Each structure stands twice: as structure tokens, then as C-alpha cells.
């Protein structure tokens, strides 16, 4: 989405945001109805197996039992609670809910970009990257709950942009209870809550798209070095805004866990929280660690081995945060891609976590679709496809291709690294917020 | 990978076992009811086979059983003791039951679908088939039990062999609920544990190779470190470049 090729808003009328949203809505409704037909008439089901797990857990909860009696239900009881209507109204209730969240993500993307004065045409293209991504519109209609998490994450960004810290903190505590992985956003959010940016009763000034374009000539924004200043951070570490955010989000997180523990005890703790923190799966998945874990599964890993395997993830997360936290949306996008790439277990549904953030960084990317963008897409999808071919040979043909499958996962990590590096190199750094003291342009 | 086994068993006299089902107890009588035996004497053929490819296959059990029309024994019960390396998905079997493939089905034992075989225990699947409602030619019923492979213990050859024993087969009378003291009668057609034939059905499942351990671990960590280092260098350099640009512009 290079600024160099930007034209005035001359997109066709059919391509306005409202019509795209309406079309997307009808597409999702159609897919949900089609999914019901396929489930009833074909051996291969359209519905995700996870949706059956959620529905069974919701049904157990509706009968007054623990949702954790359903094996492999490893989510917050909140998810089962909101799916109780599956047993009362219709089994597709959850799919409609997740697809509505999916559309909400599209709306939030548009809202965030408009708040930063991104031209309408670029906004529309960015939204289309989410709404018409085949992966995203099938994931909600198949009954996967990730669009709900994505909507919450984007709402947190919107709340921060409005200066509504309490609201952002509330939803942050809730989303971490719901899905754990957003805990990685804690540090950049805390760092960006600068008292020079967030002041009581005032909406924080946003760095908009046009200002970023003007930065190549004059700049009235951040004059400080963009890399992390340790001394300054230490001085303002315990600002009122940071303490408030931490207390509210932490309080909400603990309250949700306490209520869940009250009703479901250790089952909740183990299945919904500890399982995700300690999960190692020897079964084949995209992660480079799967075969290493399988070969060592007959014996337990030592604490040192676990720590060593966590170091690359830890290092990358900290590097990305300290280099890019001011450009908050870009930072959390990079963190999410890296988190998934270096995780011990990678399944395709995790990709949605960064798909929803990708449209938010595209307007600031100097990468052109032809041909650099296409190259990145081809390399990333190609590496996935390569892995899937070996996975098919193992799982559906019963051929021992463990070594080749593991090599394919190494290749997938290389592809992720390549794409990440390219995105960083082509990004026009633009802090999300401006400091109050630098608002007046120099004459 | 799979072998086909065919055996013929001719049973003229059956062990008659009356099973009384109440809410709290079961009794077994060894009284032979002469009215029952002629009604169910039949030629019993029993075939076993594993079909399909990969980690998801079907255990086919074909039973040839001729019943007299007035026979009260119209439910076939198969008790399948699964070996350690495979499992049956209870929810998949439930959906088969809902589609009337089986009249009833239950899984007992280890139903954890995710554990490898060396961390799991065995399971037993009990299948009920209502023979009066099934169409079968020449008295043959074919049952397909979907099974899934667990991750196997490491093996030098790269494959681990899982062998299936014989199922227990029963022929039972109709289940009559809500009639106070319920009486169900079952005939034991075959007990799997008593079979002594050497040929069995087996499934070779891919397994990790222990010799791979060292270099897989080494290259895995090397790849992780290299990728992390690349991202670290590019991040620091990019942020420094942006910093220099802004310093020059201001």
C-alpha cells in the first residue's frame, strides 16, 4: 500500500465499505447454511471438530454440569456459556455469533484506519484483505471462536486510541482470560501508556497517515530516538495510567478466573490455563519442535532444556517490543507472527491472530504487491503447502515421512522469518500516538 | 500392511447363558433351554480385515449368521478389545449411532484421544447391532469400526506393528425396558481370548526413529536461534535507520 502510488478516492461505488460489509454478511450466512447441508449429506463435515467440542460443553453447562466433562474442551467456561443457545435455539447459533464477530473485525479495521485519516480507498482495500480472505471467512462459519478474540483485541486498540483506558484494560483482562496468548501484548501496551500521551480526560493525539507521509520532509512528531530509551522508561515506569491499566486488567483477569475456579475448580485451572502454558504436543504440526518433542517424549524434559527451548521466543518478543512499541499496532502484529512461528505447537487457526492485524499495517507499508508482496505470499503459502503434502503422506497414506515433515517445518519457519524481515524492512514507522508537547508545528 | 483372515466355525451346540438385567445386578444361569438352541443353530463364519490407509482406518468384521425367523435373538453384540496403539473416537461412534449404523455403542477404558500409545491405556468398544432391522444377504453382517492410530513408541524400522485380537461375539434377545424385572438372554457365539490361531489382523503404523534424535534436536535449536537472531538484527537495524532519518530531518 505504497503512498507513492496513492490516488484520490476513485474506487467504484460497489466497492464502498458498506456494500462490502453487506456482501460479506450474505457470504457468511450462505456458508453457514451450506455447512449445515454438507454436514448432513457428506461424509466429510464442513463444521470444525472444535465446534462440536464447544457445543457439547455448552450442552453440559446448560444441564448444570461442568463443561470440562467434555474431553478436549480447553477454553474458558465463558465460551460454553455464550454457546448455551446452541442447545436451546439452534446448533448454528455459535457459528452466527463467530461470523458476526468476523464482520465486527472488518468494521473495527475500517474504524481504526479512518481514525488515523487513511484515505477511503486504502481503507477499503485493507478491509478486503480481512473480509475476503478465504481462511477468515471459513473459520468463523465452520465454528471456530478466534474471530471473537480478534474482535476483542481490535476493540482494545480502539479504546486506547480514544483514550478510554479503563475500557481497554477491562477488555484486555477479559481477552487474556479467554485466550491467554494476548498476554504478550502487555509490555508494549504498558510502555505506550506514556504520561506525555495519555492525560486524564483527554483523547490522546493520534499520529495520522498524512503526518507520516509528511515526515519525509518535515517532522513535528517524535524527535527522540525511536529505539527504546531505558533511562526514560525507568523514570516514568510507574505512571498513573500504567498502574491503572495494570490494576484493572489484572483485576478483571483474576476475577474471571476466580469465578470460573469457584464453579469448576481445578479442572478449569488445568484445562483452560495450565494446559496452554505447558502444552507440548508430540503429534505432527507446523512447529519445528514437534519431532524433537516426539523423539524425547518417552522421557521428561529437564527444566534447563525447557528454558533453552524458550529462549529464542523470549529474545524475539523482547527485541520486537523494545524496537517498535511506539508503533503499537505494528509491534503487536510482529509479536503475534513471531509468537506463532516460534511456538511449540502451531495449528492453522493461530494464523487468524495476526490476519486481523495485517490490514492495520498495510497502509504504512512500502511493499508493493507486484512483485515483492506476491513473493512473500507465495513463499509463505508455498512453505505451508509443502508441509501439508508431507503431512498428507504421513496421516492419510501411512508412510513414515517424519524426517521430511520436520524439514518442511524448518522451511516454514524460514518462510515466516523471511516474510517478517521483509515486512519490517518495508514498514514506514509511524507511532500510534503523538506526544502532547510536540503538537504545535515549528514555524 | 493389512492381511485378510478367513475362518469358519461350525457351532451346533451353544453355551446358553441367561443374563438377567436388573437395575443393580446380573445373574448367569447355565441352564440350557432346548427351545432356544434349535432356533439359533447356524453356520457361523467370521472374517476380519483392516481397510483404508494412513492413520484413520476401519476394522471390518464380517459375520455370517443364519437365524430362524421366529428367533427371539435379534441383537448382535460385539466386544472389541482394542490394542494399545489405536483408539476409537467416542463422539464419532455416537454420530454413527445417530445415523443408525449401530443401535448402541460404548467405549470403555482410555478415551484420551491425544496421548501417544506409550502414555495411554487400552480401551474396549462394545457395539450393538439390531439384526431385525438390518438388511443382510445370506445372513452376513459386515460391521465397520472406525479406528485411529496413536503415536507409537520409537522403532528402528520406522514402523510399529499393532495386532488385533478376536472380538467377543454375543447374540442377545431384545432389550425390553420398563418391564419391571428385565430379562435378557444372550448366547456366547465366540470368545476372542480363547482363540489360538496364529494368523491375526495387524496394522503397521509409522513411528519415529531413535537414530534421528540427536541431529533433529541440534538442527531444531540451530534453526530457532538463527531465525531469532535474524529478526533481532533486522529489528535493531531498522529502528536505528528510522532514528537516523528522524535526526537528520529535524
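Backbone N, Cα and C define each Cβ position, glycine as well.
Pulled from TrEMBL:
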type     : residues  : note
TRANSMEM : A:20-37   : transmembrane segment
TRANSMEM : A:146-163 : transmembrane segment
TRANSMEM : A:170-193 : transmembrane segment
TRANSMEM : A:243-264 : transmembrane segment
TRANSMEM : A:318-342 : transmembrane segment
TRANSMEM : A:348-364 : transmembrane segment
TRANSMEM : A:371-393 : transmembrane segment
TRANSMEM : A:405-424 : transmembrane segment
Same chain, outside the transmembrane segment (A:170-193) by at least 6, Cβ under 8 Å from its Cβ: which residues?
75-76, 78-79, 148-149, 152-153, 155-156, 159-160, 228, 233, 239, 241-242, 245-246, 248-253, 255-257, 260, 273, 276-277, 317-318, 321, 324-326, 328, 331-332, 335-336, 339, 353, 432-433
For the transmembrane segment (A:371-393): best-contacting stretch of A:146-163, A:318-342, A:348-364, A:405-424, by Cβ pairs under 8 Å
A:405-424
May I ask you to check whether the transmembrane segment (A:405-424) and the transmembrane segment (A:318-342) make contact, with contact taken as at least three Cβ pairs under 8 Å and only pairs 6 or more apart in sequence counted?
yes
